[in-house]
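Pulled from TrEMBL, these are the features on record:
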- B:15-115: domain 'FAD-binding FR-type' (DOMAIN)
- B:Cys253, B:Cys258, B:Cys261, B:Cys269: [2Fe-2S] cluster binding site (BINDING)
Amino acid sequence: MKVIKLEKKKLIPFLQFISQERELWAPVKKNDRIIYDLIEDFTCIDMNTTRTLLPPKKVIIPQQFNMFRVTGLGYESDYSHAVKKILFGIHPCDIHGLLILDKLFMQDHPDPYYIEARRNTLILGLSCWPDEHCFARSTNTHIIREGFDLFFTDLEHSYLVWVGSSAGDDLIKLKPEFFEQKPTDQDIQDFTYMQIERDTSYKTKINFISMPDLMELKYNETFWEKMGRACLGCGSCSMVCPTCNCYNVIDRHLISEETGERRRYWDSCTLCEYSEVAEGVNFRKNCADRLRLWYTHKMQAFISKYGKASCVGCGRCLLTCPVDINVLTVSKSLQGKDVYAYWNRLPREASDDKSSK
Amino acid sequence: MINQASKTAAIENPFLPEPARIVRSYHLIEGVKFFQIRIVDIEKALSFRYLPGQFVMLSILGIGEAPFSISSTPSRPGMLEFCIRDVGRVTNALFALKENSIIGIRGPYGNGFPVETMQNKNLIIISGGLGVAPLRSVLLYSLDNRDLFKDVTFLYGAKRPYEMIFRDEFLRLSKRDDVECLLTVDHDDTGTWTEKTGVVTSLFKYLAEIEPGETYAMVCGPPVMYKYVIDELLKFKIPKHQILMTLERRMKCGIGKCGHCAIDYIYTCIDGPVFSYWDVIHMRELI
């Protein structure tokens, strides 16, 4: 793969230049949170964030969008969410997240809404440094060798730029004078030291190897019921997960006109109505059953089909779940370890109150 | 800024409903209607291929979309038939539509019954209540291709005589000698019921000796029915993988993308809706 070099101060001018005909989405601070957003002021881009609130899947498949415009004549496909975009500042684990979504949406019965947005989005990755919640080392998603058009590795004064695709190479060609064609020996040495230090900086570790079997063997363990009693059924875990793909479809009828829309929304299997069918029959009324489904998908089903967990170690669920139900506490419970978590400390009486509602 | 989304995608849109016309609709029983639907484009209507046990997604413009099993047989192409209970938003709207209204259809989806594997075998079809909707397809298919199968037995139970769906059609079948058609009702409060009374499992005592290895059983009915029916079938020593059932789940896409019909590690919409009793034993949450 071609590797070139860019002086730090030239990055923003470069991004400005290449986004003249495309939207540029990157991490920025908004209302005290770091989120991916459409960039208007390029100086606001947060180059040093560890993670964004929502994963970059929202740039490809927005939380809600139109699938069809409905008129008296029938259904008309609407791909207006799939405008040309550049997604900048995406970290290796999140690129792995997109690669997992690619498997779900682009193989067997491909989904045109995902494919259109994906092929109209250029991926410009950026290196990162783990905090205490990252465990991408354990999921082997801390480094990335595919799935990007350009990847910028931060070396203090400059970036090493990996050119991952022909489209990425075309971007470079828009401003070739910005780049130095060859990294120096010193750059290579700095890069090597950085890699080693970063590798050893992952403090949170999870052993995924035995997870599919443990999911099977510990399916009826009492910790699931404990988690189920604490679970708020809020769906936040799915919203922040880079690999959650479930969606709901709702038609909207516009009474003023003879038209309507068929819209697609992010959904979560931890929400109560997720498995409900006609006449109020619900195949998963119980929170514990819904949590088991979530973790069966991530840590058993996906591994059986694709040989790796549907988890990229981004740590978002660790920071988001209000009652500490997350990949770390669930995997520890599966491994029979003692877990310090809200759901495990919840007194019995309080939980009985909740279930009687 | 010049930034236009593409009007068409690189691949065909599998979610795009095809316009179809309600050709005929009438009440079968209180709350259940029969719908005959034909895809407007005649070539597409005639080339619409499906298997008994498969389902489609039906759309009502501006209201919504839901999965429905096909009640007609692919051996009579061109027209699709459904037997639908009025239970929710989409079915409410469907019931309100007059004949000649246009709805949307896409599919077929799911695995369907393994009609090729079942050739030269005995078929026992057991249904309760609205469970007859997907099983009528395989029943009519076996009758239209009668020489492909050995003995065909159809057991159907309803609560009361006036709650038996397709009652006249099945009463005519019970006069035929190339199919064993046994009908029962839990209670006869009309005094005019000429067939059996009792739950559907009470019909098993009328069955002749069967060769279990040469027999496929297909079951669909209310959830409570499965356990009792399967117990009876196991008493006949029918192999677990030859006891088939078709399941209901919430579905939004039909092609394994939206996630709603996930059971354990499979999707009802692609890996089902037809499952065997062996699947039920080794997968959690099936029934």
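Glycine too: its Cβ is placed from the backbone N, Cα and C atoms.
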Please spell out the DSSP helix, strand and coil residue counts for the domain 'FAD-binding FR-type' (B:15-115).
14 helix, 46 strand, 41 coil
Overall pLDDT for the domain 'FAD-binding FR-type' (B:15-115), taken as the rounded mean:
95
Please give me the CB contact count at 10 A for B:Cys269 ([2Fe-2S] cluster binding site), counting all chains in the structure.
27
Rank the binding-site residues B:Cys253, B:Cys258, B:Cys261 by how many other Cβ atoms lie within 10 Å of each Cβ and give me the one with the fewest.
B:Cys258
Kindly assign B:Cys253 ([2Fe-2S] cluster binding site) to one of the three DSSP-derived states: helix, strand or coil.
coil
I want the residues beyond B:Cys253, B:Cys258, B:Cys261, B:Cys269 whose C-beta is within 8 angstroms of the mean position of the [2Fe-2S] cluster site's C-beta atoms, in chain order.
B:Met251, B:Lys252, B:Gly254, B:Ile255, B:Gly256, B:Lys257, B:Gly259, B:His260, B:Tyr267, B:Thr268
